[in-house]
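S.K.: There's a structure below that I have some questions on.
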């Protein structure tokens with residue numbers, strides 16, 4: 001067991017060294033000759049050490065072990081302040097067991113230390129169980145109390161009664177709160193007013209224990225004093241110890257104890273007639289309450305304006321009343337208004353009981369020359385784009401309040417489409433409008449009109465012209481040429497066509513495509529959609545060129561139409577759907593032409609040519625007596641024009657007809673201008689004398705020049721044909737002269753004057769051509785040309 005010798009008394013007092021011998025507190029007592037152990041729950045009292053002791057090193061306590069009687073004992077000490085943080089505060093003498101403090105202690109940093117003492121043998125063997133040593137640092141009043149803020153700010157309402165709590169201040173002390181060293185006391189040691197010396201008596205007190213500041217006296221007037229600055233003091237040890245100072249600022253807040261007053265109470269203003277929402281004048285008020293608050297802000301009202309012609313508002317900066325005209329005061333020349341004013345916040349009960357302040361305002365209405373007015377802005381006009389020039393578009397759209405004479409002019413008209421009467425202002429169309437103009441956007445054209453009165457005042461108004469689309473242009477078929485594969489079925493093969501129209505919807509698409517019913521063709525048209533159709537044959541056609549008449553109409557009201565010939569090439573196609581060359585078409589035909597068949601065809605053509613030459617020669621010999629002097633070989637008594645009569649029709653068959661029998665009339669659309677392209681298309685019934693349009697050939701080839709006469713008078717057929725070939729080669733407007741289907745001259749007054757008269761002495765009217773149908777397919781075209789229907793046409797046209 002360890003015995004503890006305390007250096008000094010147990011109350012914490014420290015004895016000077018050598019003044020008293022150390023006492024040893026032993027938990028053991030001698031009984032007889034031996035030692036007896038007492039209970040193990042012996043409590044060793046705390047060792048109390050005063051902080052900030054300047055007597056260092058200072059012996060605090062000595063421990064002893066009873067093992068010193070049996071051998072040498074070494075003492076060790078462990079714990080905070082020794083070998084743990086904070087280190088080097090305590091030490092122990094390993095021989096004597098005296099514990100000392102090595103430096104002054106600070107209670108505010110470490111209030112106590114718990115250490116463990118050991119008794120060891122020289123070999124390091126633990127001789128006793130460790131003993132706990134607790135060292136308590138005693139407090140000294142070494143810390144001043146401080147306020148928690150450098151400056152405290154509070155507010156108190158003016159005219160507050162004594163005892164009104166204003167604010168609380170607080171302070172702290174780092175000393176031991178369980179001792180008097182930390183018992184604080186608050187006090188006010190000075191008072192200053194703003195403005196200085198506005199109030200000299202003590203207006204505030206403070207609770208010395210809680211720090212609550214309160215009012216002590218009456219007389220807090222915001223109009224007299226704005227704020228107070230208090231010097232505060234805090235002291236520990238109940239006001240007897242260390243002290244510190246602080247500051248408290250107390251503002252006196254305003255209450256609405258002053259009503260606003262008009263200064264002056266009568267006003268006179270003038271207002272220009274016919275003016276709206278403009279300021280007439282301002283009225284002034286005074287208020288002693290705090291500016292910028294609801295206690296100071298004025299609220300105005302007009303008590304005798306039942307019609308609401310005027311309004312009054314508050315200027316937030318100056319607090320003035322701003323009088324404004326709302327509507328036109330035209331029914332009288334003078335207005336007498338009565339105004340009333342009050343605060344935004346209600347008056348305090350401490351304010352004097354006075355009626356609201358009032359003022360009178362006289363407003364005189366003054367006449368003013370006003371600029372002309374537009375009855376609508378913008379001026380709206382809705383017209384069709386094709387309006388005729390001179391059409392009246394708008395009138396009576398402006399007026400002058402003084403009923404003075406006005407002068408009108410167009411100040412902006414980029415396309416110069418408008419005219420205006422300078423006196424009446426009537427706006428008329430100078431020329432038709434154009435929807436395609438860059439100044440027309442979304443079908444709207446904009447202009448500006450300027451109106452000036454006799455006094456020189458002017459106004460400008462926008463003119464918005466909404467153009468309505470009209471049907472001005474007929475649609476045009478595209479494309480006008482194309483190709484169709486011969487191999488396909490009539491239903492599967494065809495040419496897709498569409499139309500273009502310079503008009504805008506709803507006068508453009510959908511388009512209607514059709515083939516005129518009275519034109520005999522082997523083609524039909526099928527509508528694909530609103531803009532496209534397909535042309536396809538009704539029967540299988542031979543390869544060649546075909547001119548298909550097509551009529552297209554738009555959706556306008558009224559609808560416009562145009563007629564076109566679509567040139568379609570029926571050809572053999574390759575795998576990609578393109579037309580083959582002539583040689584490739586023959587060689588690549590699935591049917592093929594044998595060499596023997598080709599020889600037969602060539603021989604047949606040569607035979608026909610021979611028969612033709614013989615017939616011409618025989619005719620020339622038989623009619624030589626009819627040739628007059630100075631005429632050509634094949635020219636008889638008739639002076640009719642000699643011209644080609646070979647036409648290619650789109651139907652199977654066809655061939656040659658006399659010129660006199662080919663007179664195709666033109667159909668005129670009464671809605672169209674005869675001078676407009678596209679207004680005519682071939683139809684029976686057109687007046688004679690017009691140049692016929694060939695249905696069976698592309699319309700874009702130039703027409704041959706007629707009459708074409710033989711260039712010379714040869715003595716025999718061979719010379720005649722040679723000269724004819726030379727003349728034909730020099731004329732690009734006709735087919736080659738040496739083709740078997742061309743008969744350049746049919747003649748008149750001779751049996752050989754026409755193909756229809758070969759080997760016949762009768763005229764065309766008496767000839768029966770039915771026998772031609774028996775000659776086989778090679779003469780089928782010739783038979784069709786001279787059927788009874790063709791004869792009727794020929795007789796009618798001749």
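Each position is counted from 1, following the chain as shown.
In case you wondered, yes, glycine gets a Cβ from its N, Cα and C as well.
What TrEMBL shows for this protein is this:
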type	residues	note
COMPBIAS	704-713	compositional bias 'Pro residues'
DOMAIN	41-147	domain 'Cadherin'
DOMAIN	148-262	domain 'Cadherin'
DOMAIN	263-374	domain 'Cadherin'
DOMAIN	375-477	domain 'Cadherin'
DOMAIN	487-587	domain 'Cadherin'
REGION	688-719	region 'Disordered'
TRANSMEM	595-620	transmembrane segment
S.K.: In the domain 'Cadherin' (375-477), how many residues does DSSP assign to helix, to strand and to coil?
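M.R.: Reading the DSSP string over the domain 'Cadherin' (375-477) gives 0 helix, 47 strand, 56 coil.
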S.K.: Counting by DSSP secondary structure, give me helix, strand and coil numbers for the domain 'Cadherin' (487-587).
M.R.: 6 helix, 43 strand, 52 coil
S.K.: Taking helix as H, G and I and strand as E and B in DSSP, count the residues of the domain 'Cadherin' (148-262) in helix, strand and coil.
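M.R.: For that range the per-state counts are 6 helix, 52 strand, 57 coil.
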S.K.: The domain 'Cadherin' (263-374): mean pLDDT?
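M.R.: A mean pLDDT of 89 is what the predicted model shows over the domain 'Cadherin' (263-374).
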S.K.: From the DSSP assignment alone, can you count helix, strand and coil residues within the domain 'Cadherin' (263-374)?
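M.R.: Summed over the domain 'Cadherin' (263-374), the classes give 0 helix, 52 strand, 60 coil.
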